């Protein structure tokens, strides 16, 4: 098939490919052959990078709620602010320290530019802390050097080195604090790799790390400028060109301008990084920082402990939405309201069969479903592991099929419909969705099912219907196996008593109906208990041919024999209703 696409007419002449701006050449890359086997060190920057991107920055109260959430989840390095940039951030850092809010195993991180009065204020904010990371940065990219700072490479190096020296000097003013260092060549992705390595190596020399007290070198995609593999190549190249690699923690800080921050973080980690900075649900400047929730649960679904607790994901989401005053989109990876929901009929059928197969496998092994590997089509994670229920997994609209409808009836009402009945009832539901549009919730599906198969009082169905109603039954059997059936049967406005014999209650009842002038042939019969308890209701499903019409009936009763007879009544009444309705529809 020949493509019919045509040029867009957009001004592509204004833009240069990344490879024409920054050379990243690593033909002997090794990262594609590696596998992730353990979680990286995480640093949550919601309170600094995330907060500065909010239309309405967090109040001190919301900041504290966010900090406490991050601690509960298990983050051990948390960037809590830019204390020299605002009194609000300074006061928040002080409140965490003075109120004893920082657990002993959690290290706060504070950001500062490489200017003396800002560095002095930063160290002042840290007095009394047990330990802290001072995060020093200055911008290094070609564009920033030329447009913002109007200086050369040496000028940028001088800024970084002076900042590092000042940090070491002011460290002496807070001897009670165990100070660690992080340096970021901001706008790293727009910086020549040779220059990025040079400035990082020079800063490391000033900060004097050891293998026991490493310095963090953070290599941010401040603006995402290329595909994730290019970022990974640059990280592997940097790891090879750091003079004191064994004294350095290589950290990643991807932004999501091109929509590939998660991939960039994962590939950069493969390429040799040790640590990743990001925000819950990808909050942050422009299109956001890398999503720590997506990264963590990605690991979890590969059988790797993220070392972060996502077991109450909806609670995490609610808290983040409150603090950020931003909604988490419905399709946000792992956390959105619709990410475990299937509307498509084929997807629903596969999910239903997946649940059934897992239950069967677990039963065969004599274990619970939670003790065997998760394997359900279209659900790469068990929603219950993240605190979700199965209620929203399958939802029904005009795109849905028999699998979704059958799943909801089984999940919510314990009805395990035979396959041909699933097909029949899904057609009934499809007619509703086509006529009314939108989604049909489980409660409405149950109402439709009752109206179609289980004639009931008017407060439970759309309309009272059905020629026949079974009001009482009595059976007896002789030693020869013959069953005698006596029934009280409402036929329209009259109540009749009738009796017949057969090789079982069903056969006898079919004779009763034949005596009433109704020709019924039984094609299939299935029954099951609605629960495992001794007083469980029984559900019976019968496939009938009534006056040449083939359809199903359903009966539910405490007695399985009565349920089977009610199922026959259901099928007969449906056949009669169909013959009444078809002329009405033809006349419309």
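Any Cβ shown, glycine's included, is placed from N, Cα and C.
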Among 289, 298 - the residue Swiss-Prot places in the same Mg(2+) site as 49, 253, 255: 289
For the Mg(2+) site built from 49, 253, 255, 289, further residues of that chain with CB within 8 A of the site's CB center: 45, 220, 221, 222, 254, 261, 277, 278, 279, 284, 285, 288, 290
Predicted model, mean pLDDT over the region 'Regulatory domain' (456-588): 81
Where residue 49 (Mg(2+) binding site) falls in three-state DSSP terms: helix
